[in-house]
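Data first, discussion second: the structure below is written as structure tokens.
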Amino acid sequence: RERFDFGGRDVASWFPRHMAKGLRQMQAALRRADCLVERCHIPVSGRNPALKEALGIRPHVLVLNKMDLADPRRQPVSTGAGLGWAGGSGGGTGSVCGCCRVPAPVPVSLQIVPLIARLVAEGPRYHRAESSEFNILVIGVPNMGKSSLINSLRRLHLKKGISSACLGSGRRWGTVSLASMTMSSFPPGKATVVGAEPGITKAVLSRIQVCEKPLMYLVDTPGVLPPKLGDVETGMKLALCGAIHDHMVGEDIMADYLLYTLNKQQQFGYVQHYGLGEPCDHIEPVLKRVALAQGRTQKVTVLTGTGNVNVTMLNYTAAAYEFLRDFRAGRLGRVTLD
């Protein structure tokens, strides 16, 4: 297929109340922030312009996640992703590409703190010039690993939340509320809750210490999408990466668009993975193969002339979900959607 037919449908924007509230909280917290760290999976489509408009007056670090799942042939797209926000931001910009699965010469977690420190030192801090600590807002669209990044930096630089021995140490992990600046505590382990579904973080949380030298605090924020997605294809890419709930878009059209994208980029790993004879231009044969291989069936009652009959049929919706899950896990090859 030369182009994908969306059938005139629109991708429903997912903008629940906590997103609007979270954006207001981020704007209120901006006065205490020295730098913004943006986490995203897709180098271009995965960024929310509304965040730039509301928060783009501070130094900005773009962290591209899941580089182990990205197509190395399309790395220039990822490398240039941060350039669009460089102008008029009132501070420096930087980008870091990395992943959590494949060892690299310099792990991405080790690059972030020095880069933030350098950008903040090179830019004006205004009313925070006398402060020796760094306050960082972690921003991005939903389900892009913002909370995971905070937990990863905390484990790396403070050695917290990584050993069961800590559970019996009697230590208390402290946070400081941005609003009240009073101390609170939370149990050992992960400092902020993570999950595979969008919308886990619903409010701007208390700041969390992630480093001693320099003294650095990160603030987890809810993922925020634009109230209205102007481009259907951008919304489809966000849905494929889990930024929008699957059921709001439809697993069937998401699977069909994914197949179209794989074929367009000459990514035929799905042919071997599912044991197909050749690439497929239509989604039905692929889903049929997935349903048969995974045993995805459902019982349907059919009304006949002699009464109701229970018939076992292939569950194509469940097969589409498995197809999407294999893509997100990297089992269909390394793919960059932009």
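Every residue gets a Cβ built from N, Cα and C, even glycine.
Some features that TrEMBL has for this protein:
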{"type": "BINDING", "residues": "Asn65, Lys66, Met67, Asp68, Asn143, Met144, Gly145, Lys146, Ser147, Ser148, Gly223", "note": "GTP binding site"}
{"type": "DOMAIN", "residues": "136-226", "note": "domain 'G'"}
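Distribution of TrEMBL features across the structure.
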residue : record           : Cβ neighbours (10 Å)
Asn65   : GTP binding site : 25
Met67   : GTP binding site : 21
Asn143  : GTP binding site : 23
Gly145  : GTP binding site : 20
Ser147  : GTP binding site : 25
Gly223  : GTP binding site : 25
What whole-number distance in angstrom separates the two most remote CA atoms of the GTP-binding residues Asn65, Lys66, Met67, Asp68, Asn143, Met144, Gly145, Lys146, Ser147, Ser148, Gly223?
23
